[in-house]
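Student: Annotation comment: TrEMBL describes 12-34, 73-92, 639-659, 689-711, 731-753, 765-789, 795-820 as transmembrane segment. Per TrEMBL, the feature active site, 4-aspartylphosphate intermediate maps to 138. TrEMBL lists 138, 140, 549, 553 with the feature Mg(2+) binding site. Per TrEMBL, the feature domain 'P-type ATPase C-terminal' maps to 575-835.
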């Protein structure tokens with residue numbers, strides 16, 4: 001379990017960074033080992049072992065050879081340890097933390113209706129937003145507004161609506177439309193009243209008499225100023241809908257529920273028991289006692305949980321209406337009741353009391369008691385509630401699919417309702433062939449046959465072509481959409497009945513890989529998490545994202561690599577348990593395609609650049625050992641060694657990691673396919689890593705040998721100083737190292753400047769300011785005698801170097817030669833093998849040049865006409 005959690009925490013980015021670090025650790029050890037061996041090979045000659053200026057003491061001569069070699073090895077490890085970019089981890093954490101504020105500051109992701117903006121609960125996953133391959137989304141409250149509106153109810157085959165449109169006018173307080181007969185009969189009238197009473201009593205709604213509560217407005221059609229509040233918007237919609245049909249729920253006082261009937265008479269019912277709703281039963285019940293002493297059990301719930309427990313009623317007619325409403329995308333509930341005798345209620349009360357007082361397995365015992373009580377119902381009718389699709393939900397899903405992200409909808413709703421929503425939000429298209437893996441199919445055929453038939457179907461059309469498993473859309477192949485329900489998933493997750501080690505999971509995953517979209521309906525919360533885990537642990541190990549708005553989505557959100565909560569109307573459980581929270585589903589588009597893209601590109605460049613500049617920094621030190629007898633002499637001054645990663649080169653790359661935009665945000669939103677350019681950890685692959693490393697080695701060789709040949713052919717002057725015969729420049733060990741270091745700092749900084757596409761005044765200040773700071777520091781460090789230093793070996797070195805014209809020329813030439821290969825590579829690749837991003841960049845550059853030319857011509861023509 002611990003290893004599973006550990007593997008989930010370290011995704012593509014951290015895995016790549018740590019692997020690269022191991023490679024550089026091996027390079028460090030290799031360098032130290034090579035230098036140690038070569039040192040003793042070089043010192044094998046007697047006159048090289050003890051030169052006159054470095055005679056050994058007697059204890060040193062007697063020391064063990066192995067111990068001396070090990071000490072030298074450790075000394076070389078210390079000398080070359082700067083190749084390990086320790087400061088990179090600090091910079092990465094700063095970039096992650098500071099970069100997360102750009103998400104929270106995004107005004108386009110602020111929702112004026114709720115007054116909420118995006119929240120970042122963790123900054124460790126910023127770059128993973130640019131690597132998402134699967135999005136698992138809830139339906140209600142995530143794709144839809146979770147703003148329920150009562151549409152109709154069906155009682156004994158008769159359809160009732162809150163209002164009717166007649167001659168262009170809305171007729172309020174209409175009792176309904178008769179679908180089958182002209183009007184219900186006597187028994188029908190009794191069932192009608194029972195249905196309305198059931199909806200007025202079977203709920204957990206609270207009543208407020210204030211004018212407004214939490215920004216909610218009063219119902220203008222109510223006969224009394226009541227505001228209904230509940231954790232479930234469905235319950236509020238049902239109570240308000242029944243209120244418009246003549247029955248008003250007033251309040252719960254002293255355990256008595258009061259309702260106002262059509263005759264404006266108040267009816268009181270004593271609330272005896274509440275059998276709470278849960279996602280497994282998919283229903284709730286109440287036991288009430290009327291003023292006449294009759295005891296009723298009213299139950300409402302999903303059709304799949306009510307119909308099997310009904311013994312009488314117009315089941316076929318109501319079922320037909322429920323299926324029709326579900327196809328139209330409406331949320332349906334069935335209502336049933338039964339009358340209890342005093343003895344039946346007494347037995348039920350005892351069973352409930354014993355279960356509630358149980359010290360062990362209380363939930364299980366309560367579920368068993370509920371199962372015994374909730375049976376032999378009389379079906380009254382069904383309701384239909386509309387939950388409208390969120391604004392731009394379809395546009396967001398379409399953009400995600402174009403970006404190569406597969407979108408799965410996981411919901412507890414009825415299949416027909418969920419499928420209608422999927423068509424509305426463009427998850428399924430008109431040309432999408434729907435494949436069903438449902439209980440109904442499995443009843444007609446065995447699970448084995450259904451799975452193999454589906455597998456043959458998708459592979460028959462797509463087997464000859466290679467489907468991009470990362471792509472959400474397909475142009476050359478038939479698009480398939482899969483619908484699976486919770487019962488079928490339970491069967492798939494179980495091992496085969498023949499006892500073989502294999503199971504149906506791989507076959508199910510193979511079908512899913514060849515489907516452009518998947519709808520999972522009738523899913524319990526734990527099944528949602530089970531689906532996410534199944535995909536997350538598949539052989540491709542894709543990066544997954546789960547998004548939801550309610551407490552029933554928390555398990556799914558926690559299971560995915562990246563969890564996003566919607567700040568919706570079902571509380572903040574999802575937002576609090578997620579990595580990120582956004583106000584609406586439409587904001588997911590910019591979060592992934594813009595912010596996620598930028599985060600990944602920035603931090604990838606940051607990591608590669610750190611390795612590159614450290615190779616440039618320490619490889620000349622390695623080469624220098626071949627010219628100093630492997631004596632562990634440093635090439636650079638200690639101040640330069642200390643400040644290189646802290647001051648001279650740290651701030652420009654940090655700012656780059658925060659603000660770089662290789663293309664504009666509008667372009668990324670307009671061209672979702674650009675997301676694929678960075679998919680599958682494209683910028684941190686071995687090819688890119690090797691290129692950056694060899695570029696660093698090349699630049700280091702140019703720095704060292706360029707400066708070396710500049711100092712070639714030296715003579716000793718009369719005052720004991722060294723001077724080059726060709727350039728007549730005074731120099732020594734520190735002058736040579738300072739020249740190399742100067743070229744190094746300018747090259748790595750200008751390399752970052754060449755890679756920068758988005759320039760602001762802050763970029764200019766940091767990049768050019770860091771170079772100015774290096775020059776000023778070197779002048780002060782070598783131009784002043786510091787009293788707190790015991791020795792000052794850099795005194796006047798920097799000024800002496802800059803006083804020579806050839807040194808200036810050498811610095812400029814070496815910087816140019818170092819940067820030239822990278823510039824040529826970028827130009828050739830952009831012309832011969834451009835990526836989609838580079839094509840967009842070139843297009844925008846041409847457009848900007850064209851616009852500038854047109855503007856200049858217009859200005860010229862206007863001046864000539866004047």
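Quick reminder: no glycine exception, Cβ is built from N, Cα and C everywhere.
Unlike curated records, TrEMBL annotations are generated automatically.
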Student: How many neighbouring Cβ atoms, not counting its own, are there within 10 Å of the Cβ of residue 553 (Mg(2+) binding site)?
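Tutor: Around residue 553 (Mg(2+) binding site), other Cβ atoms within 10 Å: 32.
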Student: Sort out the residues at least 6 away from either end of the transmembrane segment (639-659), same chain, that have Cβ-Cβ distances under 8 Å to it, and list them.
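Tutor: For the transmembrane segment (639-659), the far contacts come to 82, 85-87, 91, 94-95, 98-99, 102, 602-603, 605-606, 609-610, 613-614, 617, 737-738, 741, 745, 748-749, 752-753, 755-756, 758, 760, 762-763, 766-767, 769-770, 773-774, 777, 781, 794.
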Student: Count the Cβ atoms, other than its own, that fall within 10 Å of the Cβ of residue 140 (Mg(2+) binding site), considering every protein chain shown.
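Tutor: Residue 140 (Mg(2+) binding site) is surrounded by 26 other Cβ atoms within 10 Å.
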Student: Return the average pLDDT for the domain 'P-type ATPase C-terminal' (575-835) as a whole number.
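Tutor: Averaged over the domain 'P-type ATPase C-terminal' (575-835), per-residue pLDDT gives 86.
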Student: What's the CA-CA gap between residue 549 (Mg(2+) binding site) and residue 138 (active site, 4-aspartylphosphate intermediate) in angstrom, rounded?
Tutor: 8
Student: For residue 553 (Mg(2+) binding site) and residue 138 (active site, 4-aspartylphosphate intermediate), determine the Cα separation and express it in whole Å.
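Tutor: Pair distance, Cα basis, whole Å: 7 Å.
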Student: Let me check the 10 A CB neighbour count of residue 549 (Mg(2+) binding site). How many other CB atoms are there?
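Tutor: Counting Cβ neighbours of residue 549 (Mg(2+) binding site) within 10 Å gives 31.
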Student: What number of additional C-beta atoms lies within 10 angstroms of the C-beta atom of residue 138 (active site, 4-aspartylphosphate intermediate)?
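Tutor: Residue 138 (active site, 4-aspartylphosphate intermediate): 31 neighbouring Cβ atoms within 10 Å.
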